[in-house]
Structure formats: C-alpha cells, structure tokens
Amino acid sequence: MATTSEKILEASARHPKPEEKTFHNLLDPVFFRVALIAALRSRKLGGQTIGIMITASHNPPEDNGVKLVDPMGEMLEQSWEVYATRLANAPTDQALLESYEQLETSLKIKPGVAAHVIFARDTRESGPALVSALVDGLEVAGASYVDSKILTTPQLHYLVRCINTKGTSYEYGEPTEAGYYKKLAAAYKRVMKGRKSTGSVTVDCANGVGGIKLVELIKYLLGPEEGGVEIKVVNSDAWKPERLNSQCGADFVKTQQRPPPSSKVGPLARCASLDGDADRIVYYFIDSDNSFRLLDGDKIATLAASFIGDLAKSAGLADKLKIGVVQTAYANGSSTDYITKSLNLPVVCTPTGVKHLHHAAVKFDVGVYFEANGHGTVIFSNAALKTLASHEPQSPAQASAIDCLRALTELINQAVGDALSDLLLVEVILAHRAWGPKEWDSTYTDIPNRLVRVEVPDRNRFKAVDAERRLEEPKGVQELIDALVSKYKQGRSFARASGTEDAVRVYAEAATRGEADDLASKVASVVQKGGQ
Ligand SMILES: CC(=O)N[C@H]1[C@@H](OP(=O)(O)O)O[C@H](CO)[C@@H](O)[C@@H]1O
Ligand SMILES: [Mg+2]
C-alpha cells in the first residue's frame, strides 16, 4: 500500500503548478495545497475541525480565493498564514512534500491524529472544480471532510464554531444551516418583544450567495404583520454567476458612493447592500433633496455601541460592562469624535484587516468593531456573558434591558462579521428607537473624504507605523504629508501600502468636498514621487 508521502507526491502531480499562468490553472494547485495545510492544522489542534471557504468576496465573478477558519470560527492564526504561503509556493511536487513533512516535524504534529475539515463555497462558477482539487488534497492527507456546498462565509464560520463547541458548556448552536437561521430568528424575536418595525428594508444581495440565504432566513423571522421588518430582496440573481458584484453590492455602493443603478427605491427608504459572500453590509438612503446618504460601517458601529451602552445603563450594568469600539484609520474622524465625546466610550485604532480589529475587540467586555467598508461585528467576552447570565434585575425595566442584552449575544455572530446578522442587528435597533435612516444618519455628519489608489513601482517600500497612520519609509514622505495636512481645516490624511492590491492607498479628510479631493490628490502626488 502506498504511504502518505507517496500519495501526496502522486496526487500533487495531478495539480501541477502551471508553466503559463492563467487564473484557473493557478488556483488548482493552491487549493490542493490548502487542503494539506488544513489537515495539518486540524491534527496540530488535536483533531478539531478546520473550515475552508471558497470565495473571492466582492471581487469580479471570474476571481476566486480561499479563507481558512480556525476552530472557534475565527480567521486562521497568523503564524499559520506563513506556513500556508510556504506550501502554496513550493516550486515542485517534491519540494511540496518536503515542506509538508518539515512542518509535521517542526510543529510536532502526530500523523496518527484524525484530521477534520468542513468546507463550503459561494456561487462562483469555478467553485466545483476547486472543490475537486481540495478533496484530492484532503484525501491524500487522510482528513475526513464535510462538503457544506453553498453557504455564506459567516455561515461556514458559524458551523465550525458549533462543531468545535458541541457538548461543552459554551456550545455555540446547532451545527446545521437550519440551526443558524433558528438561532438568529429566536434572538431576533426576543429583542423585538413589544417593538414594531416601521417601513421596509430593501436588501441588494450583490447577486451572490447572500440572496439565497437571506430568502431562507426570512422564512424563520417575524412577518411584517407580526411587527417584524419587511425585507425586500433585490439583486438576488445568484444563478447567473456573471452578474455577481456587477453594478451592485456593498463594495460598489461604498466605493462609488451611489446606489446600484438598478435601485428603484424612493426618498427616505432604507436600503442595504451585501457583498458577494455576505460578510459585509452597508446601509444607505436617498434624502428628501435627492442626495445619496451612505450609512457605512462607522455608522453601524456607532449605532450598535450607543444602543448597547444605553441597554447596559438601563440594566444597571454600566459599571460592570466595559464597552469599547475598534476602528481603523479609514474610520471617519466624525465617527471617532462622536464615540469618544458623545457616547463617552473608548476607541482603539488598529491596522487594516478584520483580524487586527477582532484581536483588539476581545480586550473589552463588549468589543464593537467595524471597518468603514461594512465588515464587523460585536463580541462579548466570557466575563460579560457571565455577568449577563447572573445579574438579578431590580425592576421590570432592568429585566427587559437585561433580556435584550442576552438576546443580542445570540443575534450577533460572535465568530466573524456577518452581513445577515448585522442586518438584523441594525433593524432591531431602529425598531427600538423608532428611527428611520434619516434619524440614524443625523447622529453625526461625516467629514468629507476621498480615497485614492496610487500605483508605484514597489509598494513594499512604504512602511507604515502607528496603526498605519504614519509612514516611516520612504524617508521624508511623512513630513511632506504633514505639511500639506496642516494647510487644511479639519485636514487628516495618510498613505499605506494595500495588503490586497499592488498599490498604495491615500485617504484624506477635510472640511469641504473640494478640499478633501484637493488634499487627497496632493498627497497622492507626494506618494507617487516618494515611491520612485
Ligand atoms: C481601504 C479598504 O477598504 N481596505 C480593505 C482592503 O484592504 P487593503 O489592505 O487596503 O487592500 O481589503 C481588506 C480585505 O478585504 C479589507 O479588510 C480592507 O478594509
Ligand atoms: Mg466579503
């Protein structure tokens, strides 16, 4: 019988690294190799289940990619990203096998431990072919696996957390797709007790997996006749994969600062857009003067933080729950001011990327984190869960606030930012406050801002520090940016190398639209020159 090493070598030859790279032949060996990493990770963690999500999120339909999920539903631990890259880049089948065996030895992984993996994909056409490459890898690595077919990214994170917590005192939920809907719907009904939604919300599903799953979720929720929100699902053409993220979706709305051209809603109607794998959401509406108003991740974070802060006070728990908000440098300066000065809550700024925000948020009892682009969630610490479970209310008002807080811990996805869960979170808050989008928007006014992309010969020369708000290298560039910023009222600007695209991003804020554009373009030209 062939040994595991022989099997890996033989199978790897079926997933060769292409001589001439096209998108598809490039991904086939990557997926084969990702399977090997997932098997190693599961074995290293004593056989806990690891998740693999096949998606390219908000990117064009022909792209694809992969996200690895750790046992508690969190993103793969950072040190393992390095190992994954090492396996993915191994130049030959033999080099791949050597890297695999080296990892086994250096990480003291016992090959005899059973490995378990669960995977799912979004609606992209390339998904099934990539699943074959993945399965080939899982089989030769001796991992057992579950194919969960088509799911949103956060649903897969949910399943991973449920499977790994099953039978413990902190069981997360029933590890099925229906279990996900039931958990959200039960919590939604609890928070909505005695409240009524007004109006409807139109949800643009980016023609992706979010539409299919939102239609399912609605079946479990309260109908409008029962006081629940009326959810109108649009851009849910998931079976025409070429339409995915095309002229719609959260990324389109956020970057273009306008509704999807297909949108038919009138003034003051609430709208929301999901991204292609439903882990991001933004809200927006058309104001009475026909202007477009975006309610982005910052507005969702401030809404959630203010609501939870008020509930904690009503429950008599203001001193016991340390609530904090985590943002990145892209958060609008007005939102940061509003959180610190009006809500009196602490704000932490981290580098871009949700894993950084998540790690900072766990330091609070209630950590609210959102990127401006709409990716985020609220996490409750174990101490907070204990406080909520044991707190004896002293009045009916306290009892109702505490029940609402407990239900929120179930409504909000604790593993990862989840557009469907965030949608319900926003909807329950608006129902509690009897607010429409305009009242929500008027909590603070965004400082005009501009984000531009600058192509430079080598973006790695740009080294940012201080949560990416200042450039250490190339030398001298930060001083030039500072000098420009000082000339603008409410001016703020920074430049950093993108982690996902071959470019440097420049962000600028200033008192007026024209000044923000002007500052952004001047900083962009400083960056361009400094990057030569
Ligand atoms: C300004 C911006 O939106 N940056 C995005 C983008 O990161 P960059 O490192 O800026 O390319 O992609 C990340 C992953 O999706 C997301 O977390 C982040 O917010
Ligand atoms: Mg996404």
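FYI, residue positions are counted from 1 along the chain as it appears here.
Positions of Cβ are set from backbone N, Cα and C atoms, glycine also.
Taking the Cβ of S57 (active site, phosphoserine intermediate) as centre and 10 Å as the limit, one finds 25 other Cβ atoms among all the protein chains shown. Following the DSSP three-state reduction, the secondary structure of S57 (active site, phosphoserine intermediate) is coil. As annotated by TrEMBL, active site, phosphoserine intermediate applies to S57.
Taking a C-beta cut-off of under 8 Å and a sequence gap of six or more, D275 (Mg(2+) binding site) has these contacts in its own chain: S57, H58, A206, G208, G210, N245, G249, A250, D251, I281, G374, A419. Here TrEMBL flags S57, D275, D277, D279 as Mg(2+) binding site.
Annotation source TrEMBL lists substrate binding site at E371, A372, N373, R496, A497, S498, G499, T500, R505. Within 10 Å of the C-beta of A497 (substrate binding site) there are 21 other C-beta atoms, taking all protein chains into account.
The domain 'Alpha-D-phosphohexomutase alpha/beta/alpha' annotation in TrEMBL covers 49-79 (among others). Long-range contacts of the domain 'Alpha-D-phosphohexomutase alpha/beta/alpha' (49-79) within the same chain: residues 23, 27, 30-31, 34-35, 37-38, 41-42, 115-122, 124-127, 130-131, 134, 151, 153, 156-161, 163-165, 172, 206, 209, 241-246, 249-251, 275-277, 279-280, 354-355, 358, 414-416, each at least 6 residues beyond the stretch ends and with a Cβ under 8 Å from a Cβ of the stretch.
According to TrEMBL, the domain 'Alpha-D-phosphohexomutase alpha/beta/alpha' annotation covers 114-167 (among others). Taken as a whole, the domain 'Alpha-D-phosphohexomutase alpha/beta/alpha' (114-167) shows an average pLDDT of 98 in this prediction.
TrEMBL lists 179-282 (among others) with the feature domain 'Phosphoacetylglucosamine mutase AMG1'.
Residues or ranges marked as domain 'Phosphoacetylglucosamine mutase AMG1' in TrEMBL: 296-435 (among others).
Residues or ranges marked as domain 'Alpha-D-phosphohexomutase C-terminal' by TrEMBL: 451-524.
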Query raised in the report: Got a sec? Which of D275, D277, N373, A497, G499, R505, the binding-site residues, have CB under 6 Å of any ligand 2 atom?
Result: D275, D277
Query raised in the report: Taking the centroid of the Cβ atoms of S57, D275, D277, D279 (Mg(2+) site), which other same-chain residues have Cβ within 8 Å of it?
Result: T55, H58, D122, T152, T153, G208, A250, L274, G276, A278, R280, H375, A419
Query raised in the report: How many whole Å apart are the CA atoms of A497 (substrate binding site) and D277 (Mg(2+) binding site)?
Result: 25
Query raised in the report: G499 (substrate binding site) to D277 (Mg(2+) binding site): how many Å between their Cα atoms?
Result: 19
Requested in this report: Return the single residue from the binding-site residues list (D277, D279, E371) that has the minimum number of other CB atoms within 10 Å.
Outcome: E371
